[in-house]
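This structure is in structure tokens; I'll ask about it shortly.
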Amino acid sequence: MTTRATNNTDTARPQHIGITAPISMAPPRESDIELTRKLEVCLRGFDLFESEDEMNHRYEVLSSLNELVEKWVQNVSLQKKMPPENANQMYGKIFTFGSFRLGVHTKGADIDTLLVAPRHIDRSDFFTSFCERLSELETCEYVRPVEDAYVPVIKTKIDGIELDILFARLALKNIPKDQDLRNVELLRNLEHKCVRSLNGCRVTDDILNLVPNHESFRLALRAIKFWAKRMGIYSNALGYLGGVSWAMLVARTCQLYPNAAASTVVHKFFLVFSQWLWPKPVILRHPNEDAGNLGFPVWDPRITLADRYHLMPIITPSYPQQNSTFNVTLSTRTIMTHEFKSALAICDSIAAGKAEWKYLFEPTNFFCRYRHFIALIITSQPEWIGLVESKIRLLGELFGRSSHMIIYFFKVQHLERHKCIKLAHVNPNSYSRYVTVNDSGDSETNNVETNNSETDNTEQNEKTDTLEEKMWFIGLQFERSEVVNIDLTEDIRNFIDTVRQTAIQSHKYKEEMRIDLKHVRRKELNSYLPNEVIRKTTKSVKVLFAI
């Protein structure tokens, strides 16, 4: 089983790592070390770090899960008529990847895991008998298989720890306890689902191997991920960046400044990527040419037409190399670039002794930025919500300027008429409200947060049901020279039809599912949101998009 990541590469290596030479090999100064200490104190103040006991508990859960996997593989082997003397020597193995494997997970975070099994164990076994084994555990709170996902997964919670478990069947007779997944030959003759499942572990391990200083990398990545979440730009599904993309950007910064302390890495991160000439790709190492004969598609804009339209490519280091940010739109890239520049100014002040780290992590107030919003309102079935969330970034594109991406995804024509919309900013946070629906289908909003009791005085002879609704908001910024008078009816209808058709095709659609989009002005937000959300403001007011 995967064990704790060690710091055996914490000392900077003499040779450079990456596709270019470093910008600076300078060691940290005393002031850099002190700023790093203050950065860690600041992050600990936000309660982001687990205690040693909590960490040990995670390893105990993983160890027990690994034992369960070994027994399960042996049991399935017996069921498949393998001689007992051979079946008892069969093994599977649990690997970890993502934030936990990188050593940057936060309190209460789930663990991304991969179950690797020998060739006679197939995916149907994983989603049947292994699910049953998990359910039989006294410490297991739930088991939720998601078999039809792009990367199939079992979601479970064991002894208070949430885990996402992927599955990969290797073309091996058995899985040795010291199995290494970095050998590209392991991908030969594997199905695409297994390759995608393996990719998480392979990418995570390659990132660690391509970073010259693990200690600086980990603290800097913790800071950058926390900053991104506070700025509302941490969401791959909504067109921002996900965890692996942020990790690769920090890793590239570490390659450019291999001896830097974590505080310097954070500062240089914003310097480098506020000036990056997108769509120039961020690449941690040159592609592995030896793997070309395996036949899996890789990111290459010279060959693949769709790759040429990627706006902010960040390329995974493991074969088959992919762009982890294909969801990014012109609007989300503009938003992130603006945040990079704002953060750089704050880091400049911190380095000059004029500001403290806490100012870098002050959250933005999304609803103070815009006067016009599109509210996306849906019923709260989990599968429906996830499907709609995956399409919201495309709605932002419909309202933005990236018509070439819209045409690529939806073949929608004549979207250029909305050039008066300068920016469509998707808020990654969702909000809940409750509505009462009677037999006649009429609905009335009851905001639980404000506890409006006026409806209690009204006699109701009809049977009523209370439904929870989820809402997302897209802030709209218009060109100053334009008169705000546009018709988005066709765009909204296209979006709703696209989501509904996708739900039908994936067998997730139900008649009671509802989706609605409304134009909402800032002064009308109190009908949708609790007052504390609307009134929340940051201490430092940010002027949006003077770029």
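Glycine residues also receive a Cβ, built from the backbone N, Cα and C atoms like all the rest.
TrEMBL entries are annotated by machine, without manual review.
Checked TrEMBL, it gives:
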DOMAIN    18-211  domain 'Poly(A) polymerase nucleotidyltransferase'
BINDING   Phe97, Gly98, Ser99, Thr106, Asp110, Ile111, Asp112, Asp164, Lys225, Tyr234, Gly243, Val244  ATP binding site
BINDING   Asp110, Asp112  Mg(2+) 1 binding site
BINDING   Asp110, Asp112, Asp164  Mg(2+) 2 binding site
DOMAIN    216-362  domain 'Poly(A) polymerase central'
DOMAIN    365-536  domain 'Poly(A) polymerase RNA-binding'
REGION    438-462  region 'Disordered'
COMPBIAS  444-455  compositional bias 'Low complexity'
What count of other C-beta atoms do you get within 10 angstroms of the C-beta of Phe97 (ATP binding site), across all chains shown?
26
If you measure Ser99 (ATP binding site) to Asp164 (Mg(2+) 2 binding site) at Cα, how many Å is it?
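Approximately 12 Å lies between the Cα of Ser99 (ATP binding site) and that of Asp164 (Mg(2+) 2 binding site).
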Write out how many residues of the domain 'Poly(A) polymerase central' (216-362) are helix, how many strand and how many coil, based on DSSP.
80 helix, 7 strand, 60 coil
Inside 10 Å of the Cβ of Lys225 (ATP binding site), count up the other Cβ atoms and send me the figure.
22
Of Asp110, Asp112, which of the binding-site residues has the most Cβ neighbours inside 10 Å?
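Output for this query is Asp112.
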Between the Cα atoms of Asp110 (ATP binding site) and Asp164 (Mg(2+) 2 binding site), what distance do you get, rounded to the nearest Å?
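Pair distance, Cα basis, whole Å: 7 Å.
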Using a Cβ cut-off under 8 Å and a sequence separation of 6 or more, which residues in the same chain sit near Asp164 (Mg(2+) 2 binding site)?
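Long-range Cβ contacts: Asp110, Ile111, Asp112, Thr113, Val153, Ile154, Lys155.
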Does DSSP put Ser99 (ATP binding site) in a helix, in a strand, or in coil?
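It is helical.
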What is the pLDDT of the domain 'Poly(A) polymerase central' (216-362) when averaged and given as a whole number?
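On average, pLDDT over the domain 'Poly(A) polymerase central' (216-362) sits at 94.
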Using a 10 Å radius around its CB, how many other CB atoms surround Gly243 (ATP binding site)?
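Step by step: centre on the Cβ of Gly243 (ATP binding site), count other Cβ atoms within 10 Å, giving 20.
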Tally every other Cβ atom lying within 10 Å of the Cβ atom of Ser99 (ATP binding site).
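Its Cβ has 22 other Cβ atoms within 10 Å.
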Find the longest CA to CA distance in the recorded ATP-binding set Phe97, Gly98, Ser99, Thr106, Asp110, Ile111, Asp112, Asp164, Lys225, Tyr234, Gly243, Val244; express it in Å as a whole number.
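Result: 20 Å between the two most distant Cα atoms.
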